[in-house]
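Student: Sharing a structure here in structure tokens format.
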Amino acid sequence: MKPKSVSEIREIFLNYFKDKSHNVVPSSSLLPAGDPTLLFTTAGMVQFKPLFTGAVELPYTRATSCQKCLRTTDLEVVGKTERHCTFFEMLGNFSFGDYFKEEAIEYALDCSVNHFGFDKNKIWVTVYTDDDEAEKIWLSKGIPKERITRLGKKDNFWGPAGDSGACGPCSELYLDRGIEKGGPNCATSGTCKPGCDCDRFLEFWNIVFNQFNQDTEGNLHPLKQTGIDTGSGLERVALLLQEVDSVYDTNELRKIISFYEELSGISYEDKTLSEISEKKNNNQQISSQVRNETKSIQDSRKTAFRVVTDHIRSVLFSIGDGIYPDRTGRGYVIRRLIRRATLFGRKLNFKEPFLYKLVDKVIEIYKARYPELQRNAAAITKTILVEEELFLKTLELGLEKIESLVQKTKAGGKTIFSGADAFLLYGTYGFPAEMTEEIVAEQGLDFDKKGFQEELEKDRQFSRESWKVNKVSLMTGLNVDKTEFLGYSSVSGKGNITHLFYNSPKSSNSLSQVDSKLQSSTPAGTGSYDSKQVSSLKEGQAGAIVLNKTPFYPEGGGQVGDIGFLRQGKNVFKVFDTQKENDSIIHFGEVLSGEFIVSQELEAEVEITRRERLKFHHSGTHLLNGALRTLLGDHVLQKGSIVSPEYLRFDFSHPSSLTSEEIRQIESWVNESIRKNFPVETKELSIEDAKKTGAVATFGEKYGERVRVVQMGDASIEFCGGTHVSRTGEIGYFFIKKESSPGAGNRRIEGVCGPAVIETFQNRFSELTESVQNLNLKIKSELGEEGTKILILSFIPGPDEIREKLEKEGASAVSFFRDLSENIATKIEENTSSFLKIKKNLAERDFENNTSVIENVLASSVDTGIGKIVSAIFEDKDPNSLKGLSDNLKVREKNLLVILGSRNSENASIVITCSSELTLKGIHCGNLIKTACELLGGKGGGRPDMAQGGGKEKQNLESAIAGVINEAKQILTGERV
């Protein structure tokens, strides 16, 4: 009987291989460890890469797993085809130097037919184009030759996952689903076989015969031990066994779709659509139109259901593994998935945040297998909600903008959507370039990827610091009341416009560079832009808005300014930066839609996640200052600071660099203050009363009559106007990344707080893992048994272990990870040195004992009648190697004088030795070496039977050796040469 549920299929597979003596290994994180070339875990073999290459000791030789995977290579077709997903589970069985082709093929066929219940007569297989062995095995298992297809490297040579690692030819199993599944994509009208683009044959099992290790330059090297890496997509197997049309119709994914059906009130299989029902039955022509429109809307909605179903899984599992939405890297991919799901959600009439509402229901499906989802449910829900809210603020406006840009492109007779327009949508409306590409493709336009990248690069080149020095003094000469700051207690609030400024470009009006324009503002007449006070700002205009009240924190006290939105109905202003001039808070940005006029009341909304990280780092900076003054002394004065969402930087007066122990003590002091969870109390006092509290003032800072004092228990009390946490425990953890000097008499500390600590350690240990694996591979491949003692077998935590330990133990785990990372780094350095030393010794030993070298040198001998003289010149050999070779030469030949030289990039060295018999004939190596060293411009000396020396004049090495030979001949024969 065929298994029906996804859960049953998973357990049947794992139990099958468990019975075949495979270790059942839990799924690793979606955040891959030790491979910076991979953004995500994309295959089951990723966690086993070092086992295949031999970079680590084998804990077992057989393994099986069900691995959570994330791939976005086919993102644009996800939801539109029956089999593509971004998130999926990969069933796999693995052999590390144990079984190979015969058993792997046997297991695959046996499990497929006798345990999954597939009809053997419907199974086809593919093999690599020249893999006769695999074909022979399949034939022996009863698969006829007509159901075996040979395919090339594109289809049947797999790997590696990432830029390097194990790889090899593969063999795949396909199920023949019948001619009727061929469809319009079948080029042979039903006589096709695997390799055809149609849907008749669906691949459900891939066996990779790992025989090679690919390096980062793409070169293949034979593996010392072969291996097996199989992958069987759980969702695909379920599709075939449940005999449904797509992976989205399998039981677990269909259940998620049902949640969205309930939430939207729209049926996934809707056959009657209200939008067109009024047209039906009027006449045959309209009836045909009705059918076409009905199918179009049905297909569109079905795609939307599939997209949101797939993407919620990807996002949920990623955040559960600590991968949060961000502007770059992995986080950018997650943000992109949320935004794509939000976009498709509109086709299901979702105009408000909706993805977050079903997090708990989706977790319910998977929590037994993946308990980390339940543990992180609150964080997942909150993160998705914040991301949805952020994107929805500009989505409607962005869609309107993209429509107008598409029409402009078409009206101009163009077929390519420009990179500049795409960058405008990216920078201003938050549209990922890939999403824009997908939207314009539906409108029949190509996408200018190169142009977009060029615009992105231009934007990166603008320095944030460069504009502030020359920033327009907007408020000079104006009678302006003080802006009331609301941001200490809220990230949103209402305020009225008191002043508007328009930033007009003199030479360019490209909206795609609006952020850079604002950041490059200069006084009128001295740069490319003019800023002037106006009564209104209209759509597309860059400028600045001053409110009488705002929750936006202006840059000050080291803390960067807030970003976010100002809005009133459909009037939307995107804030790129917030600054303060005199007592006025100025919001710099661009009007995305509508118009803004003086006195208008606006809703001000600060970007929450960014503000949270700023609070962590600002409060962490105060604790750091407290630690420095407590542990180093009261001479410590703050000389400057930067508080950003990503990190903190603190400059302070101190005469010498900090020792490792001092850094450790400072870090521990801050983390202990975090652990104590002090309340963060603020008071506004007169300057005199504030000084009496002992509050620390920033050196050189000017203060008014009244100041704000921030106190954190007995750990810190400072003058500060910035935003902070409510209790120190909210900071989570603190880690010092770097200590350096910004100038004489001052020191600088760069550190991270909160989630940034987790990310820092994950990145650091990933780099260490890669370094250890690469070193171990070198040791094994180049030293063999000689290198066994210097293999690094230290425990290195993976991304999940790092996050879980920090979340469980808090700040105390920071010291553990600091010590561990430093110990591993030291071990790498020491063992690298040992590796090079052993490698050199082996090379010297091989050189000294090389029969061919010995024979060649002896062949050049000069017989004086009393003794023989041999000489040779080598490259990059040290004196010890030359001495070793000399000894072996003297073993082979009696009455021998040996003169050996070597050159490297800087100098030349020379070694002279002789048999004891020749010393009795007047040869003194110590005297001969002096003759040579004079020509080499150096020094030398030694005993009668052995001497060495060298010099910088390496070009004279041949002449030096010739001189020694001549002098030796004269001594031995009594004749002048």
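Placement of Cβ uses the backbone N, Cα and C atoms for every residue, glycine included.
Not measured: the values here are computed from a predicted model.
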Student: Which range, 272-295, 512-535, does Swiss-Prot list as region 'Disordered'?
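Tutor: The listed stretch tagged region 'Disordered' in Swiss-Prot is 512-535.
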Student: Tell me, by DSSP, whether His622 (Zn(2+) binding site) is helix, strand or coil?
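Tutor: The residue in question, His622 (Zn(2+) binding site), is helix (DSSP, three-state).
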Student: Suppose we draw a 10 Å sphere around the Cβ of His724 (Zn(2+) binding site). How many other Cβ atoms does it contain, all chains included?
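Tutor: If we count other Cβ atoms within 10 Å of His724 (Zn(2+) binding site), we arrive at 24.
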Student: Over all shown protein chains, what is the count of other CB atoms within 10 A of the CB belonging to His622 (Zn(2+) binding site)?
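Tutor: That number is 27.
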Student: Residues other than His618, His622, Cys720, His724 within 8 Å, Cβ to Cβ centroid, of the Zn(2+) site?
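Tutor: My list of surrounding residues reads Gly557, Ser619, Thr621, Val680, Val710, Glu718, Gly722, Thr723.
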Student: Using Cβ-Cβ distances, find the residues under 8 Å from His618 (Zn(2+) binding site) that belong to the same chain and are at least 6 apart in sequence, listing them in sequence order.
Tutor: Gly557, Gly558, Gln559, Val643, Leu648, Cys720, Gly722, Thr723, His724
